[in-house]
Amino acid sequence: MTVHIGAAPGDIAETVLMPGDPLRAKWAAERFLENPVCVNEVRGMLGFTGMWRGNRVTIHGSGMGMPSLSIYANELLRDYGAKTLIRIGSCGAMQADVKLRDVILAMTASTLSTPSSGIFRELNYAPCADYGLLQAAYKAAEGKGSPIHVGGIYSSDVFYDERPDLNEQMVRHGVLAVEMEAAELYTLAARHKARALAVLTVSDHLLTEEALPSEERQSSFSDMVEIALEAAFS
């Protein structure tokens, strides 16, 4: 048990999928895992452990933003011995050829700031995904026929960002999408010698201002979860 996770030793699997929304963690566990058991509900942040095709998996919420994810990822890696963390979540597309419901595999995650930025000081650290996970996820997505994009994303600390100039530069430099967690996830995984990947579904589009209706978001995320699970155990 840690300050923010109430799970007992051994309750957390070495492979953890991390949606931002704790209710999405519950939905994914009930839909994809056999015999899921709730292992954490401290502060309403739900975590479940169960089996998928004979493999033990935990699905645990991270909350919104890098400061929140940093708390849970640190404790999962440091105190519970997690070896593989895969973020499953939504993102906003920043390129014209990326469409709603497409899946994005984040090869790199640029950011202005993470909770780890004070460690690096003047160094412009470049967080990146684990290549083995990235390759496995790409193959899994290809097998499903899912529209998929691989490349850099941007992790923002601010949801309501009033920086149109920054967005323009992201688009100009080929950044695929914006979200709020992956840069810190990749940084922490590197520090703890673990594997990490962000598998994202496009729910909004910054260029066209399109957005998935709330009732479609959950049903559109099934491919993303299956890709993450297949990548983790390929």
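Here the Cβ of each residue, glycine as well, is placed from N, Cα and C on the backbone.
Keep in mind it's a predicted model, so treat the numbers as computed, not measured.
Here's what Swiss-Prot has on this protein:
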BINDING   H4, E162, E179, M180, E181, S203, D204  purine D-ribonucleoside binding site
BINDING   G20, R24, R43, R87, I88, G89, S90  phosphate binding site
ACT_SITE  D204  active site, proton donor
SITE      R217  site 'Important for catalytic activity'
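Sequence features, as recorded in Swiss-Prot, placed on the structure.
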| residue | record | CB count, 10 Å |
| --- | --- | --- |
| H4 | purine D-ribonucleoside binding site | 17 |
| G20 | phosphate binding site | 20 |
| R24 | phosphate binding site | 21 |
| I88 | phosphate binding site | 24 |
| G89 | phosphate binding site | 23 |
| E179 | purine D-ribonucleoside binding site | 24 |
| M180 | purine D-ribonucleoside binding site | 26 |
| E181 | purine D-ribonucleoside binding site | 31 |
| D204 | purine D-ribonucleoside binding site | 17 |
| R217 | site 'Important for catalytic activity' | 17 |
Review point. Helix, strand or coil at E179 (purine D-ribonucleoside binding site), per DSSP?
Key: strand
Study note, to complete from the structure: Listed in sequence order, the recorded positions within 10 angstroms (C-alpha to C-alpha) of G20 (phosphate binding site) out of H4, E162, S203, D204, R217 are none
Point to revise | Secondary structure of D204 (purine D-ribonucleoside binding site) (DSSP, helix/strand/coil) | key: strand
Study note, to complete from the structure: Rounding to whole Å, the Cα atoms of R43 (phosphate binding site) and H4 (purine D-ribonucleoside binding site) are apart by 8
Review point. Based on Cα coordinates, which of the following binding-site residues are within 10 Å of R217 (site 'Important for catalytic activity'): S90, E179, M180, S203?
Key: S90, S203
Revision key, fill the gap. With S90 (phosphate binding site) as reference and a Cα-Cα limit of 10 Å, the qualifying binding-site residues from H4, S203, D204 are S203, D204
Study note, to complete from the structure: Using a 10 Å radius on the Cβ of E162 (purine D-ribonucleoside binding site), the other Cβ atoms enclosed count 7
Study note, to complete from the structure: Counting other C-beta atoms within 10 angstroms, the emptiest spot among the binding-site residues R43, R87 is R43
Point to revise | In the chain carrying S203 (purine D-ribonucleoside binding site), residues 6 or more apart in sequence that have Cβ under 8 angstroms from it | key: S90, C91, G92, L100, A211, L212, R217, S220
Check your understanding: How far apart, in Å, are the two Cα atoms that lie farthest from each other among H4, E162, E179, M180, E181, S203, D204, the residues recorded as binding purine D-ribonucleoside?
Key -> 32
Exercise for review: State the three-class DSSP label for R217 (site 'Important for catalytic activity'), counting H, G and I as helix, E and B as strand, and everything else as coil.
Suggested key: helix
